[in-house]
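Features as listed in TrEMBL:
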ACT_SITE  H73  active site, proton acceptor
ACT_SITE  Y143  active site, proton donor
Amino acid sequence: MGYLLFSQEFFVHIEATALPDVLILTPARFGDSRGFFSESWNKSRLAEQGIDIEFVQDNHSLSAAKGTVRGLHFQTPPHAQDKLVRCGRGALLDVAVDIRHGSPTYGKWVSVELSADNGRQLLVPKGFAHGFVTLTDDTEIIYKCSDYYAPDCDRALMFDDPAVGVEWGIHREKAIMSDKDLAAPALADLDNPFVWVA
Ligand SMILES: Cc1cn([C@H]2C[C@H](O)[C@@H](COP(=O)(O)OP(=O)(O)O[C@H]3O[C@H](C)C(=O)[C@H](O)[C@H]3O)O2)c(=O)[nH]c1=O
């Protein structure tokens, strides 16, 4: 199994996406005959790169079957969450949708394959709905959140809203989903207070 290797002085590779505030972070992996070591998150090193977020809760979920869709979810203020998402086992297509009213990219989306092998992470800021579809059985997602779970602020957006047009590679008839997600409203009908600030 090949690992993306970096030299010691290189700790995290940061890439832009089509949504300016959504970033792909790839922490360095230091390989040897045993495998690899990686600092999957280092507050100070990210702050040096201008990414200074106070994460307070780590989440971890296992989806047993390929084709599981979780999302699109977000929390409204005062408990909106930034998320830093990675895949601990298997692979998934991670999706972020800009739901900030007035944003130049309102309703636009990006998708990135995150896997245990590629070590990529997606930074999903407040004001973006987040979801994923699993690409393998037994996929585990692990992510940091900048605010605590607040059920009263927890919202869902229809994952296959044609007005958004996310290319999931699966239809709801085949996807494994929660009842909450199957019943989620379209973007136009969403209880969504987010407003873009230039
Ligand atoms: C999110 C969350 C859930 N829970 C409890 C509530 C339910 O009893 C159970 C499953 O919750 P839910 O069905 O909302 O889990 P997911 O469908 O994986 O939701 C998550 O999936 C998408 C991809 C996200 O980005 C969100 O973090 C989150 O909404 O865990 C907690 O106790 N704490 C939490 O922070």
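Numbers run from 1 along the shown chain.
Even glycines carry a Cβ here, placed using N, Cα and C.
Just so you know, TrEMBL annotations are computer predictions that nobody has curated.
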- If one measures from the C-alpha of Y143 (active site, proton donor) to the C-alpha of the residue listed as 'active site, proton acceptor', what distance in angstrom results, rounded to a whole number? 14
- H73, Y143: which of these active-site residues has the sparsest Cβ neighbourhood within 10 Å? H73
- Does DSSP give Y143 (active site, proton donor) helix, strand or coil? strand
